[in-house]
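Here's the structure, in structure tokens; my notes come after.
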């Protein structure tokens, strides 16, 4: 037990034997107040054995009996206070030593050695029951963001109905006697559908490959993704320009412009890559402890592939309905929201598994976490899927304007105001919130506020603002989309040139979305690492990586370009 064995003074004579008999009766009365359960019987037998040793003048603590007493006390400490009878507390206080609750206090003529003050403080702190409120909140059963949940379910019902209706219209047009419609649909099925199905399979393959590479070689893949995105998007733009058609020229110019921007970004964040690699390596360590953690990702990719296959057929059917451009735009927006919700379901699942490992040391069931994500947390995933991309995009624009404000005072006079507004909005809606949504079952807005307050409390805002993990995941999707465009554009241009631009956009969209779903795993792991560190920096699972980074930033030795910020206090909450 680690404690000193009690010293017992023998009391010779009949008086001593009488006092011992009275002491034995008192101990029986005290132990009988514990209850009639099997634990109480075990404790009573051990108490009788201890007092019997006192009568003989030989106080012996067997290791096995001491371990049983300790296990009994620890087990009882885990029972919620509301389930324990008040008399139980009284009897336990009578039996336990005030300086060490794991030692039995023997009344009467016996004398027990006391521990030092430092040992007493440690033992009392160790024996204090863990608060039950925080543990109970891990298994919250309430649905989060019910309004957004109802809205998403209504949207899915409408989307499924529209897709089925458009499929019917497509089949109807194919079976009609009108030769013009029939020839048009045959051409679409021959020259459009095969490329889209092939690109869907290619995007799933690329999604698996990117995630596997990031998990196995995170340090190398950070640099590979940064520069391969630049190379692939530039190659895609050049290829489309070589077709010399107005539609493909416009799409190619967009790819070249993005390639220039991604190349400049890769140069700008090159000094952040080292810290990003460290965090990525550390955050992916728990993944090996959960062999089935990728199953929800695989399932979401299969669901995404099947839905996109039906979606493509619905697009073909929309060409035979009224206002085809409007219907196709609505289908694209619906697909974007649906795939983003699918990605965040995977994000929440991985976040709960990883966060419970960090915060409680628990080996959680991935299947149970996935069930919670698709039921209780689906409303928060739906709301976050709508708000986070829009807020992130507007925040990036506001930061860019703030960086350029010195060039033209008139044009960028409102840059700080815009940045302040976006900073305030970002506090109420950010991607870091999915960790607390997964762990504590909070709503999206509440989780965003609490998470950002944790970052502010630990002075981690500069670190999370300069983190490039989300950018790496985004660029991975762009790289996959560019590869899909190269394959589809080259194929389509050889069989039907008029569909080249349309199929290029569809191929990019599908490749990007599927890869983003698979990259939810590393993104969720990094988010959990930051948020769980902010909640408990002294956790044994965390090293000094973040603390060292904070020291470097505070000392001014860091070469990172500071993130544009609003002066403190101007937009602070009153």
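Each Cβ is built from the backbone N, Cα and C atoms, and glycine gets one as well.
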Range annotated as transmembrane segment - as stated in TrEMBL, picked from 188-210, 349-371, 372-394: 188-210
TrEMBL annotation of transmembrane segment - which of the ranges 84-106, 107-129, 222-244, 406-428 it falls on: 222-244
From 1-56, 281-336, the residue range that TrEMBL assigns the feature region 'Disordered': 1-56
Same-chain residues near the transmembrane segment (250-269), Cβ under 8 Å, at least 6 residues beyond its ends: 226-227, 229-230, 233-234, 236-241, 243, 468, 471, 475, 478, 482, 485, 501, 504-505, 561
Outside the transmembrane segment (188-210), six or more residues from its ends: residues with CB under 8 Å to it: 174, 221, 225, 301, 305, 308-309, 312-313, 316, 319, 476, 480, 483-484, 487-488, 491-492, 495-496, 499, 502-503, 506-507, 510-511, 513-515, 517-519
Tertiary contacts of the transmembrane segment (149-168), as residues 6+ beyond its ends and Cβ separation under 8 Å: 143, 310-311, 313-315, 317-318, 321, 327, 330-331, 334, 337-338, 341, 378-379, 382
